Structures are given as C-alpha cells and as structure tokens.
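Novice: For reference, the structure I am asking about is given below.
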Amino acid sequence: MRLFQLLFRASPAALLLVLCLQLGSNKAQENTTSPRIIILDFQLARVEDEKQEVTADLKVQTELKECMVIKAFLSSNVHIEGGFSFKYTACLCEDNPRRFFWDFKTNSTAQIAAVVDIVRELYICPDDDAVIPIKANRFYTVKTLPAA
C-alpha cells in the first residue's frame, strides 16, 4: 500500500518535469534557422566630375561554418569597358568577409549585376578545404546606375 502512495505523490512532480522539458525543447527547435550561404552588399557610387568614373563596391559574407571558393564579377545590359571586366577569385569564410572594388567609366544608364559564383578551384583556400553547397552556387544582386 505504501508503494502506491509514493507513486501517486511522485506523479504530479514527474508530470510537471516532463511538461517543462517538452516546452523547453520546443522553444529550442523554434530558434533554429538555416545559415545564409551568401550575403551580398552591393553599392554603386558615381564621382561627379568630367571623368564620369563609377566605383562599384561589393561586400560578400557567409554564415556557413565551412569556407568556399568564390568568383566575383560584374555584368551589365550595356557594354562597359575598362576595370568593369575584372574577375576576382577568393576564399570566403564565416570569420573573413571579402570586399571587391571595380572602377570604370560610363555616362549611360545601366543595369549592373554583381555576381558571385561558388566554384571548385584548388590552391585558393588553405589546405584546399572548401565546400560547394548543393542548394545553389550562383548569387547576384542588381542595381540601376542612372545616366550622368
């Protein structure tokens, strides 16, 4: 009989403990979001002088724990010469965001896209430790550059 009395006294405490554990685990699961593979911050700035020079500034970040090899370049709906055609290759890691600059001249309105491809290339990342995400390997953002 005493055994049954102990069982019934412990039940409310055990139920409360299970309820608290369940609520705590649900809250922990809600806060899990998948890390963003690539984060782009793209800015265009025109120098107001007779040269009509434009500076494009691209900052690339990742929230992945692993590093990856990236190629960054610009693309446009109009033909632009000079530094516009430069392509950069770099190792991108979570704790080391990368920044790329292009200087070029144009006096026409243009749609300019900053494009970042995740590629498989050796001798860029330390010890060639780099990943290629399955989800996507090309990321871009587009800005309009008004005519001068």
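Cβ coordinates are placed from backbone N, Cα and C, and glycine is handled just like the others.
Residues annotated as disulfide bond in TrEMBL: Cys67-Cys93, Cys91-Cys125. Residues or ranges marked as pyrrolidone carboxylic acid in TrEMBL: Gln29. According to TrEMBL, the feature signal peptide maps to 1-28.
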Novice: Could you round the CA separation between Cys67 (disulfide bond) and Cys125 (disulfide bond) to a whole angstrom and send it over?
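Specialist: The Cα atom of Cys67 (disulfide bond) is 7 Å away from the Cα atom of Cys125 (disulfide bond).
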Novice: Taking the Cβ of Cys93 (disulfide bond) as the centre, how many other Cβ atoms fall within a 10 Å radius?
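Specialist: That number is 19.
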Novice: Which ones in the same chain are close to Cys125 (disulfide bond), with CB under 8 Å and 6+ residues apart in sequence?
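Specialist: Residues satisfying the criterion: Cys67, Met68, Val69, Cys91, Cys93.
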